[in-house]
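Feature annotations, courtesy of Swiss-Prot:
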BINDING   His59, His88  heme b binding site
DOMAIN    2-142  domain 'Globin'
MOD_RES   Ser2  N-acetylserine
MOD_RES   Ser53  phosphoserine
MOD_RES   Ser73  phosphoserine
Amino acid sequence: MSLTKAERTMVVSIWGKISMQADAVGTEALQRLFSSYPQTKTYFPHFDLHEGSPQLRAHGSKVAAAVGDAVKSIDNVAGALAKLSELHAYILRVDPVNFKFLSHCLLVTLASRLPADFTADAHAAWDKFLSIVSSVLTEKYR
């Protein structure tokens, strides 16, 4: 699966509009993840998962940084996220379905923060992009 030029442009444009709030976006997406899919909390037994906790904000920043890296390297997402893929597959052993859950939460967060810009086409482009990101993050499982 690959993005068309128009889809790449939409993904980069949306990220450009949200990048100044990227850490908050990552944190909000994680909060949505833990609220909607409470089973994902098992990967963070040592975290204070209450809204606004320093640990939640720190990990939200990491999520946002990874998405930002993928956007910056939109033509080579696999290269940009190779180390993160290995970490999640071999060390953290995160169930691959959780990346799809997080992708959904990121879509909802982007839509809620950019209602005028997150059109149906932008949603479709971001959904496809996050599917690529999820695929890259789970490719080491095979």
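For all residues, glycine too, the Cβ spot is worked out from N, Cα and C.
On the structure: features taken from Swiss-Prot.
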residue : record              : DSSP class
Ser2    : N-acetylserine      : coil
Ser53   : phosphoserine       : coil
His59   : heme b binding site : helix
Ser73   : phosphoserine       : coil
His88   : heme b binding site : helix
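Note on the binding-site residues His59, His88: the fewest other CB atoms within 10 A surround the CB of His59. Taking the C-alpha positions, the distance from Ser53 (phosphoserine) to Ser73 (phosphoserine) comes to 30 Å. Taking CA atoms as the reference points, Ser2 (N-acetylserine) and His59 (heme b binding site) are 28 Å apart.
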